[in-house]
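Among the features that Swiss-Prot reports, ATP binding site is placed at 43, 44, 45, 46, 47, 48, 49, 50.
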């Protein structure tokens, strides 16, 4: 059975990691010196935090990396018992081979409860001689200050377009795919700097056709073309509510888009609209209100229709 491409083409070493050149340079220095502090990786999903941690471990330990590296997903195991058992049991044992210390990687550590984070802080202090921690999170503000102060913080930004394009072209060549310019642009648009999402969309599109086109990408990603969102928005702004709502229903039914997906795309289109700054502010407020109501459980079609109606009377 074929592996997911995100795993098949995951970089094995730090020099292979795409983008984040300054971060990779600092991590490589840690490997060369065989010395590092506790680390905190923050950034949105799919930007390379887990890949960097795994590559660091493989470069640091070589063949014994599995014995000296423990990976836990804190969103699945977020309670204090995990810190008291799995983490502590691994941290208290000496490293295998000539490794100076072990590494524990806590992915999505911002999901840890407050009690679990306090227990983790004590564990980090107690076993600092033989163990280092790498914490990965989407929201560093959810990590308690005592842990943040014990870590060197690395902020992973969304990947640049050129890095995404280079990697997508490389994978397409290895998989003997024809990647059209429109297909690349569409993947860049739907992925928003998320390499994991970009590769997953590419693999899904490749299952449909060996030639990856713009139309296929938007279809498999359940996203609308930016011009379709712009058309719907412009109709609403011009007071053509019925036509705008018809376009909305086409997106939801024909493309299978959720209300949240449509809202996000409308929000991304706001800066490009030919309306005043004041109207853009009011529109963003209306989008935020619509998003809140949908999250609270309101009917998506009704709320999005109400948003389109508000667009026609913006002041």
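Just so it is clear, glycine is given a Cβ too, placed from its N, Cα and C backbone atoms.
Recorded features from Swiss-Prot, shown on the structure.
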residue: 43; record: ATP binding site; contacts (Cβ under 8 Å, 6+ apart): 49, 138, 155, 156, 157, 158
residue: 44; record: ATP binding site; contacts (Cβ under 8 Å, 6+ apart): 138, 156, 158, 193, 194
residue: 45; record: ATP binding site; contacts (Cβ under 8 Å, 6+ apart): 138, 194, 196, 197
residue: 46; record: ATP binding site; contacts (Cβ under 8 Å, 6+ apart): 191, 193, 194, 195, 196, 197, 198
residue: 47; record: ATP binding site; contacts (Cβ under 8 Å, 6+ apart): 20, 156, 157, 158, 159, 193, 194, 195
residue: 48; record: ATP binding site; contacts (Cβ under 8 Å, 6+ apart): 17, 18, 19, 20, 156, 159, 195
residue: 50; record: ATP binding site; contacts (Cβ under 8 Å, 6+ apart): 105, 107, 136
Surrounding CB atoms that lie within 10 Å of the CB of residue 49 (ATP binding site), all protein chains: 26
Cβ-centroid neighbours of ATP site 43, 44, 45, 46, 47, 48, 49, 50, 8 Å, sequence order: 136, 156, 194, 195, 196
DSSP three-state assignment for residue 50 (ATP binding site): helix
